[in-house]
Amino acid sequence: MSKPNVAIIVAALKPALGIGYKGKMPWRLRKEIRYFKDVTTRTTKPNTRNAVIMGRKTWESIPQKFRPLPDRLNIILSRSYENKIIDDNIIHASSIESSLNLVSDVERVFIIGGAEIYNELINNSLVSHLLITEIEHPSPESIEMDTFLKFPLESWTKQPKSELQKFVGDTVLEDDIKEGDFTYNYTLWTRK
């Protein structure tokens, strides 16, 4: 079986690409949460599902009643884990490569955080796409951040919205979505 398509999906505050403060996201964007769920669960092939890969700290930050994330295979990475299928919905693995050897019937793989996983895997050749929700705020310096993406975006090409629409499928994509003081847009990037 061929390896599935691997994409990073993340919401980040421009211009510094901040993604968190004290282990939490410093915003609650209702439509962005819906987009995340729709994109990470949507499949086009029958009898397949998608996988979400996250670090152990991200897994632990999800309230227990919401774990595992439904309708997706949840892969939790930690250097201290042995590669092990826990049940039909959860896999523990020590690396992205070893986790992909344990999966079958997976259409797409989405890396969902946290920062250490994002910043390590951005340079992994398995990652072919970035789905970045670019968030703007009138005074971004007023939003407390202690966690940032270290993405070499000069090695990536931002795709037109039509390519994003093809990639995400049925999901309706608005422009300049406003929630509170935040404005955001969904973007797709591919390697140069």
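Note: Cβ is positioned from N, Cα and C throughout, glycine not excepted.
Because the structure is a prediction, the values reported are computed rather than measured.
Cross-referencing TYR81, TYR118 against the substrate binding annotation in Swiss-Prot, which names GLU32, ILE33, ARG34, TYR35, PHE36, LYS37, ARG72, ILE112, picks out TYR118.
The Cβ neighbour count for TYR118 (substrate binding site), using a 10 Å radius and every protein chain shown, is 27. Here the CA atom of ARG34 (substrate binding site) lies 31 Å from the CA atom of ARG79 (NADP(+) binding site). Across the binding-site residues listed here (ALA11, GLY23, GLU32, PHE36), the residue whose Cβ sits among the most other Cβ atoms within 10 Å is ALA11.
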